[in-house]
């Protein structure tokens, strides 16, 4: 059985349309492996909405995020940093999980 990853409801449409192709997580969600298929569910209610294939998992700091990361998240760099700070207040070390729908 595939492991699961959750996303806030506000990201569902972008994931389904392949506009969001990465997720940035803290160390507690950094153990996914390239080639692994994950069930994707909404964080708020646990409803399944697709599967994704993990392409890569790369460590990164908040300050090292670029416009390319923001583009892969389908938002501006300022928006991306704000979202990350809201979800993970006080953290600086993260992991970029690149994925594709499958």
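Any Cβ shown, glycine's included, is placed from N, Cα and C.
Residues or ranges marked as domain 'ASCH' by Swiss-Prot on the basis of sequence analysis: 6-98. What Swiss-Prot records for 20 is active site, proton acceptor. Residues or ranges marked as active site, nucleophile by Swiss-Prot on the basis of sequence analysis: 23. The active site, proton donor annotation in Swiss-Prot covers 73 and is backed by sequence analysis.
Taking H, G and I as helix, E and B as strand and the rest as coil, DSSP gives the domain 'ASCH' (6-98) the counts 31 helix, 32 strand, 30 coil.
With respect to their backbone Cα atoms, residue 20 (active site, proton acceptor) and the residue listed as 'active site, proton donor' stand 5 Å from each other. For the active-site residues shown (20, 23), fewest C-beta neighbours within 10 angstroms: 20. For the pair residue 73 (active site, proton donor) and residue 23 (active site, nucleophile), the C-alpha distance works out to 7 angstrom. Residues belonging to the domain 'ASCH' (6-98) score a mean pLDDT of 97 in the model.
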